[in-house]
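K.L.:
One structure, as structure tokens, below. Some questions next.
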Amino acid sequence: MSRPSIEESKQELSSSPNDSVMGKDPAPEEEMQYPSGFALSVIMAGLLAAIFLISLDTTIVSTAIPRITDEFHTVADIGWYGSAFFLTLASFQGTWGKIYRYFPLKLSFLAAVLLFEVGSLICAVAKNSVTLIVGRAIAGIGAAGISSGSYTILAFSVHPRRRAAMTGAIGASFAVAAVAGPLIGGAFTSHTTWRWCFWINLPIGGVSAGLIAIFFKAPPQARAKDVPYKEILLQMDPSGIVLLLGAILCFLLALQWGGSAKAWGNADVVGTLVGFGLLLIAFAINELWLQEKAMIPPRLFKGQTILFSSLFTFFFSGSFYLLLYYLPTYFQSVKGASASDSGVRTLPLVLGDGLFATLSGAVLGIIGYYMPLLTLGGVLTTVASGLLYTLDLDSGANAWIGYQAMAGIGIGLAIQVPMMASQAVVRVEDLSTVSAIVLFFQCMGGAIFVQAGQAAFTNKLVQEVQRHLPNISAARVTSTGATELQSEFHGHELQVILEAYVAGLKDAFIVAIVLAGIATLLSFGSGWRSVKSKKEEPKAQP
């Protein structure tokens, strides 16, 4: 997820919260009664906990996945553990934006936290892989509401003069959680159980919800818009959500089945691919028909910056999340590291991302032009992904530390720039909408391409096992957890299977290389513009 940007803070300073978020007529800032002192501190603590929670959940599971595959006896669902969360996180961004506009702000936020907690609870008690995936999907729906709701509550709680600083604090919370996630997940998995990666969400979410419930008092300007329920339903774009979810699920199922569980020419695989195409066309027609009521208002894509920023973040975030989810598998299955050790070993990637994402925001504020950061970040990530492709059974620490550091720097330089660039070229009334659009493409990239990496990994793994160990069932290998290989296989068999794992991971990293390369090319389409330029994107239709 994109961190809150400098430009977003500047935009907020120039508008009343209800103007851009709640859909009401602008009210003078002096009429707003903002909390202060202890009340404000407690509200901010609740919001920081909420954002920490969401950021933590995007990364904490990465180092736990190999151990999860041990318990559920399959490596075929690795991609779904990330994709299910990102898919619903992306698809319900616009829906929650409408919910906060038409329903009471505090109750809506608490409902989002409750939904996230229910999803986390399902994950924590899951007895099989399917239940875990369902829990991740439910948690993603709640996470979408928490992320947008947190910034809405902040806008109604903090005076514009202090809002930029508070937004920066939320960004810091996000970055800390993103770095801590793999470490915490690895520690839980090694010393207790991977289920604590989800149990931990319950007390943190409870504290956040309790603080907001007690201390946040929604001002009159935050009152829900009085609109008939039929109109509210239309504004939610339920048809768009159903069509989009159906299309992406068809595509993900085709990736999961094709080449491993079923042949690519199998009727089920072909049928899901055809269904994906038809549903995607229907979704596009639906969005064009609904216009301003659509999940993704088409008029905003008439501008070069928003179009190419969205496409860039779609491919670029896919590359990032693919590396984040599959490097722990390399460390734990191939190198024999524990879950906690693999969390430490991914620090060059996540630390580089966190540090240079902060730096890129400062640099962009100085130079103004965003294309150089997009291009440089894309080039570094492409090269680093290519270097990670060379990792083998005997690769040393110097290699994986240096390659990850380069990837982290490249990702950090560019990952939040599309959000800042898009926010800089729209008017205040479109700020929340364009933010949701960029976040949608970022999360959708994670959902689709983590699963694409899974397909590449599994297909290659099965092919290598069938080629070199014809007497061993490929299903036996894929049903063996990633960290159980050493105990399940021995001698020559183990050596061949580890080499097959490396070959599968290399194919997954090829996907990351291609995605980062496409993003680099797209960076040139964003245009040589400065975030300090006058806004020129299409104006909202009346």
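Cβ atoms are placed via backbone N, Cα and C, with glycine included.
Positions annotated as region 'Disordered' by Swiss-Prot: 1-30. Annotated compositional bias 'Basic and acidic residues' per Swiss-Prot: 1-11, in sequence order. The N-linked glycosylation site annotation in Swiss-Prot covers N18, N471. Taken from Swiss-Prot, the feature transmembrane segment covers 36-56, 72-92, 105-125, 138-158, 168-188, 269-289, 306-326, 347-367, 371-391, 400-420, 437-457, 508-528 (among others).
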K.L.:
Would you mind listing, in sequence order, the residues at least six apart from N471 (N-linked glycosylation site) in the same chain with a Cβ closer than 8 Å to its Cβ?
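P.N.:
Result: none.
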K.L.:
Mind checking which residues reach the transmembrane segment (168-188)? Cβ under 8 Å, same chain, six or more beyond either end.
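P.N.:
Distal contacts: 1, 3-5, 9, 44, 47-48, 51-64, 150-151, 154, 194, 196-197, 200, 324, 328, 338-344, 346-347, 350-351, 353-354, 357-358.
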K.L.:
When each of 36-56, 72-92, 105-125, 371-391, 400-420 is checked against the transmembrane segment (306-326) for Cβ pairs under 8 Å, which one has the most?
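P.N.:
Looking at each of 36-56, 72-92, 105-125, 371-391, 400-420 in turn, the most contacts to the transmembrane segment (306-326) are made by 400-420.
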K.L.:
For the transmembrane segment (138-158), find every same-chain residue at least 6 residues outside the stretch whose CB is under 8 Å from a CB in it, and list them.
P.N.:
1, 4, 12, 17-18, 21-22, 32, 34-35, 40, 43-44, 47, 50-51, 53-54, 57, 84-93, 95-97, 99-100, 105-106, 108-109, 111-120, 122-123, 166-167, 170, 201, 212, 216, 218-219, 221-222, 432, 436, 439
K.L.:
Look over the recorded stretches 347-367, 437-457, 508-528 and say which has the most C-beta pairs under 8 A to the transmembrane segment (72-92).
P.N.:
437-457
K.L.:
Of the stretches 347-367, 371-391, 437-457, 508-528, which racks up the most C-beta pairs under 8 Å with the transmembrane segment (400-420)?
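P.N.:
Going through each listed stretch, the top one turns out to be 347-367.
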K.L.:
Are there at least 3 C-beta pairs under 8 angstroms linking the transmembrane segment (371-391) and the transmembrane segment (508-528), leaving out pairs fewer than 6 apart in sequence?
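P.N.:
Between the transmembrane segment (508-528) and the transmembrane segment (371-391), contact is present.
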